[in-house]
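Enquirer: The structure under discussion is supplied below as structure tokens; questions concerning it will follow.
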Amino acid sequence: MASPRLETYCCPNRDAATQLVMDFQPEVFCGVCIGSASISLLLTILQLLPKKGQSPRKLPKASSSSTILLFISICDILGGLGMIFRSSVWLGFPGFIANISVVNGTDVWPSTFCVGSAMWIQLLYSAGFWWLFCYAVDSYLVVRRSAGLSTIVLYHMMTWGLAVMLCVEGIALLYYPSLSSCENGLEHAIPHYITTYAPLLLVLVANPILFRRTVSAVASLLKGRQGIYTENERRLGTEIQMRFFKIMLVFVICWSSNIINETLLFYLEMQPDINEMPLKNIRSAALITWIIMGVLNPMQGFLFTLAFYGWTGWRVDLKWRKREIPWESMSSSTVGENAYPSPVNYQSNIHDSKKISTTDSQQTDEAICMLSEGNTSSDERLTRSSPIYQGW
């Protein structure tokens with residue numbers, strides 16, 4: 001699971017709240033993390049593999065949105081592998097882990113493993129948060145026709161740059177002046193917690209706003225495409241809205257326990273003695289949410305693929321074959337079936353006007369297809385109602 005407490009535990013003079021959760025049934029907790037991460041990892045990979053009998057996605061070209069969704073899944077997969085590795089070492093080599101708590105110890109490998117594995121998990125999940133924010137931004141830019149494959153380079157720079165910068169900055173402040181003699185106090189821990197939870201809170205606040213604006217823009221696009229708002233287009237707009245809702249629902253389910261747990265532990269840190277009886281219920285709530293985090297955090301990868309693509313099935317097709325883009329084949333066949341010799345005196349301005357109208361409608365359809373990627377029924381309804389399909 002991803003928590004700033006993993007890095008805090010690497011300090012020999014860690015705070016009492018961190019010691020409380022890290023010492024609570026470590027074998028059970030690590031087993032829960034390994035089980036949840038392994039299940040999520042296998043199901044996520046299964047979701048992403050091509051399936052037999054699956055119709056290819058009707059996209060005119062590779063979109064930045066589809067690339068972002070892929071990188072979100074990659075971050076979840078790599079973060080899950082980090083959880084499995086860390087928890088496996090924790091379970092398999094208890095003597096090795098015990099050396100982390102040794103003050104001024106000569107063996108640096110336990111501390112190196114503790115810091116390295118914790119940073120790996122935090123970095124990958126933090127990058128996943130930034131990619132999710134980029135997806136919301138890109139979805140809005142797509143319907144405004146301001147995004148494309150060229151913007152993916154900017155997304156890479158922002159995502160990995162900010163993730164690395166915040167991770168390194170938080171770790172440097174936490175372990176000042178050195179790992180073996182971390183400064184004990186909230187003034188060093190708080191910046192680390194802020195850099196960890198800043199991208200998470202950004203997604204919780206900014207993504208719903210961007211998704212809402214995108215849905216409104218989609219409705220305007222669908223209405224202006226042919227001047228009417230049919231049942232198919234209304235249903236397509238609703239499905240895009242539901243897709244955004246599912247994404248945010250998965251995110252809230254998987255990470256709300258982290259915010260609750262951190263709030264409880266932070267409150268305990270501010271108490272002179274966390275073992276007092278009046279704090280028993282708070283300690284119990286913190287330990288319960290700690291276990292819940294071990295279950296829900298790794299499951300984000302699989303749940304996100306369900307929100308992105310739905311259930312893709314069990315029948316994996318490992319045979320490589322080049323797939324043609326249905327949009328192009330459909331366009332060429334439609335043109336071939338509906339192409340008739342034009343009269344010699346056909347007015348060129350009418351032809352140009354019709355060509356511009358078809359191009360604008362195709363660009364609108366491309367934008368909507370990018371947002372509804374992975375939903376076959378949505379793609380088919382959009383294709384049938386598009387002017388290209390109708391033989392403009």
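Each residue, glycine too, has its Cβ placed from N, Cα and C.
Below are the features listed in TrEMBL for this protein:
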REGION    372-392  region 'Disordered'
TRANSMEM  28-46  transmembrane segment
TRANSMEM  67-85  transmembrane segment
TRANSMEM  119-141  transmembrane segment
TRANSMEM  153-178  transmembrane segment
TRANSMEM  190-211  transmembrane segment
TRANSMEM  244-267  transmembrane segment
TRANSMEM  287-311  transmembrane segment
Enquirer: For the transmembrane segment (190-211), could you work out the same-chain residues 6 or more beyond its ends whose Cβ comes under 8 Å from its Cβ atoms?
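Expert: Distal contacts: 3-4, 7-8, 122, 126, 129-130, 132-133, 136-137, 139-140, 162-163, 166-167, 169-171, 173-174, 244, 247-248, 251-252, 255, 258-259, 262, 266.
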Enquirer: Can you tell me which recorded stretch out of 28-46, 67-85, 119-141 has the most Cβ pairs within less than 8 Å of the transmembrane segment (287-311)?
Expert: 28-46
